[in-house]
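Heads up: the structure comes next, in structure tokens.
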């Protein structure tokens, strides 16, 4: 059975019945209803019953810590400024992103990986498209190959989430169960390995956050939080309050982004959220973002005629919030390399 249970007001949706070919239609519909309601009301939910092995999740944190344990010179070897054109991948040091005037830059540091696109691809170097950057000190089979395997698992998971979300749209809209499939054609799928260092009490500042109040820019976000950590909060307008999002064992946090909100005419809500600083604990997480097909002209499914080009929207939001790094997205895209 699909379940929608209240966990500090953030629902938990178990999708195991939807993935089970032997489940009844009623059980599958329960999952659809639960996820649709969670995304309509909260824009966030905890995901259980996803079928991804526990060892895969533990390995993701191992890879996260492997990268951030590198010396600074090794991390800077793959600085995001060294990515080709506007492909926007690699290492972001702390203090890069500022979401609102009057706040200090986020303390997070990030290693970002996207869909692997070869140098001779005609789109190479355009926004969010190109080869990934890998630190030379980490063996390919121990780091790169395992990261790309995890990315593949996330892509399969988001396909299932989109299938459920499509069936949860209002029936009167007449949408096909495959209405979101066009998002998956050569998708932009940035994946961020995140580290938040502790902020000692003597350095605390009310303007400082791990990540300040923001919404995600794309369609669907899948966040893996490390057990034993805290800090993620979601803004809930009816009570004008911030709701903590607890870590559930072997689960994910799923949220809708701005692009999904625009695509569904506001039916699926992109909720504001933030990450607080911690005085003592390091926080590690892994976030997978489905931006979608960057060239897709996404016309609002509610018939409101609003149309958004996926890549233009997300690129614009990054330029607005990423400071000097955002200027990388205004570089001229290089001509594709012709390989022998």
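Placed from the backbone N, Cα and C atoms, the Cβ positions cover glycine too.
Of the residues proposed, 195, 273, the one Swiss-Prot records at the same Fe cation site as 214, 216 is 273. Residues in the domain 'Fe2OG dioxygenase' (187-292) partition by DSSP class (helix H, G, I; strand E, B; coil) as 12 helix, 43 strand, 51 coil. Cβ atoms within 8 Å of the centroid of the Cβ atoms of 214, 216, 273 (the Fe cation site) belong to the same-chain residues 211, 213, 215, 221, 255, 257, 270, 271, 272, 274, site residues excluded. Residue 283 (2-oxoglutarate binding site) sits 16 Å from residue 273 (Fe cation binding site), taking the C-alpha atoms as the reference points.
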